[in-house]
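S.K.: TrEMBL feature annotations, pasted as is:
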- 19-143: domain 'Pyridoxamine 5'-phosphate oxidase N-terminal' (DOMAIN)
- PHE61, THR62, ARG67, LYS68, GLN90, GLN125, SER126, TRP171, ARG181: FMN binding site (BINDING)
- 158-198: domain 'Pyridoxine 5'-phosphate oxidase dimerisation C-terminal' (DOMAIN)
Amino acid sequence: MEKDALPQNPYDLVRAWLTEAEATEPNDPSAVCLATSTAEGRVSNRMVLCRGVDERGFVFFTNSESRKGTDMADNPYAAMCFHWKSLRRQIRVEGRIDIISDAEADTYYKSRPRGSRIGAWASAQSRPLDDYEDLVKSVEEYERKYEGVEDVPRPPYWNGYRLTPEKIEFWIDGQYRLHRRYIYEPVNNGWSVHMINP
């Protein structure tokens, strides 16, 4: 892809690549590696599912008491990396993290399978677990608690987050590792774009 063919809005290219990935990736084309850091600069990363992309940024959901949740509370800057082996492309995103509105989180939470909603209550994410059977028992406990309840409520610690980009890089695999790398950065009410060396 030549620079002249790039869209002015990087989100157009993000959505186009995600659509292609949906047709070529065997599992979870929206999976993205999320890197967070403590206030002291200790970095950790993990795969999450990107559940929304619009002009405001990239949305994902998690337990705010998890490792990544506490990281983001201490240091509201993070990075993401989509990588699609089937397309030989990746997208890197760097920017600020903010919690989305309760209304947005509720809407997504209600769309989840009931088992996933129960699981959000049952799992003390990122904390020690002596035995897997303890988790199974916790699930059973919340199944009993919400038996007959159609709309299992969203836990107060389960939230949505939006990464607002300060930089988006599109990487296209090239022969002899001479890859194409395009950097978008917000400027005024639009975006600037330039190439960098591979």
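Just so you know, glycine gets a Cβ as well, placed from its N, Cα and C.
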S.K.: State, in Å as a whole number, the widest CA to CA span among the FMN-binding residues PHE61, THR62, ARG67, LYS68, GLN90, GLN125, SER126, TRP171, ARG181 given in the record.
M.R.: 36
S.K.: Taking the Cβ of GLN90 (FMN binding site) as centre, how many other Cβ atoms lie within 10 Å?
M.R.: 20
S.K.: Let me know the DSSP-derived helix, strand or coil state of ARG181 (FMN binding site), please.
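M.R.: DSSP assigns ARG181 (FMN binding site) to strand.
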S.K.: If you average per-residue pLDDT over the domain 'Pyridoxine 5'-phosphate oxidase dimerisation C-terminal' (158-198), what number do you get?
M.R.: 97
